[in-house]
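Trainee: So Swiss-Prot says this about it:
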DOMAIN    2-241  domain 'ABC transporter'
BINDING   G38, Y39, S40, G41, A42, G43, K44, S45  ATP binding site
Amino acid sequence: MINLQDVSKVYKSKHGDVNAVQNVSLSIKKGEIFGIIGYSGAGKSSLIRLLNGLEKPTSGTVEVAGTKINEVNGRGLRKARHEISMIFQHFNLLWSRTVRDNIMFPLEIAGVKKSERIKRANELIKLVGLEGKEKSYPSQLSGGQKQRVGIARALANNPKVLLCDEATSALDPQTTDSILDLLSDINERLGLTIVLITHEMHVIRKICNRVAVMENGKVVEEGEVLDVFKNPKEQMTKRFVQQVTEPEETKETLQHLLDDTASGKMVQLTFVGESAEQPLITEMIRNFNVSVNILQGKISQTKDGAYGSLFIHIDGDEEEVQNVIRFINDKQVKAEVITNV
């Protein structure tokens, strides 16, 4: 559905060239939800502007829904954009128009008959859960409702690809989850390919099939979400994974415990998939002559399974402690002894 081959984007400035996107190659499958994550300045927004043709790449090929976006202009580009739609962080609604009129706006521009515009708008209002708000104005809506209008408007022309540029960044956590649930539902119902740009790993964890991590204009890591959670290779990726797998203030807590612990081992257990549901601690206490203290932990769900991190302190005879660690690894649970934070 989407293929980027050796794509680069260089902006000229009075201080020299700015390499916003550097040699990015990605392949996004039809019907999947693909996440692109990175901190501010990583090149995410520049990349999404290349996908919808708002910018031309300095080099490389951008193909979306069978069209090489970098090679078309004018009418050809406008036609290609009918297959690509977008929602934004700040909604970009027309404040003088009602919910229904906002949704009908792209159809109006496309020259669709009024009766068909109204029919399509009503279908979309039902799809995004805004029944009863048809005649409301944006100023009368909550942030989540405004984004639902934005999603409905983006779907008006039956696009094949939906680009989401930090679409939940301006929302509270509960509303964020409701919007992500809606996007996941739309993906399943319509088979829509969704590309999510975000700096929040929670968004990736909740609904994405695959993820690419960007830093300084480059894709530094890419893969299935659960695989990336399980084995993050780059330091940047590890920091993102820690956002959702470790409780806040983990570093300070562990350092305090390390300083106060005279014996035993502090161990981080990493669970993936079915291993997250094993009664591991019970078996350790039952089968070995050690004491086990649970320090803190967290389990998160991805679309492909559970991922969890648990910090424990194991105390006892050195040989018996090592036996416990081998036992843990035999259970397909990663065990890492923490010596410093």
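Quick reminder: no glycine exception, Cβ is built from N, Cα and C everywhere.
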Trainee: May I have the list of same-chain residues other than G38, Y39, S40, G41, A42, G43, K44, S45 whose Cβ is within 8 Å of the Cβ centroid of the recorded ATP site, in sequence order?
Mentor: H199, M214
Trainee: So what pLDDT does the domain 'ABC transporter' (2-241) average out to?
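Mentor: In the predicted model, the domain 'ABC transporter' (2-241) has a mean pLDDT of 93.
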Trainee: Tell me whether A42 (ATP binding site) sits in a helix, a strand or coil according to DSSP.
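Mentor: DSSP assigns A42 (ATP binding site) to coil.
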Trainee: Which residues of the same chain, at least 6 positions away in sequence, have a Cβ lying under 8 Å from the Cβ of G41 (ATP binding site)?
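Mentor: Result: N216.
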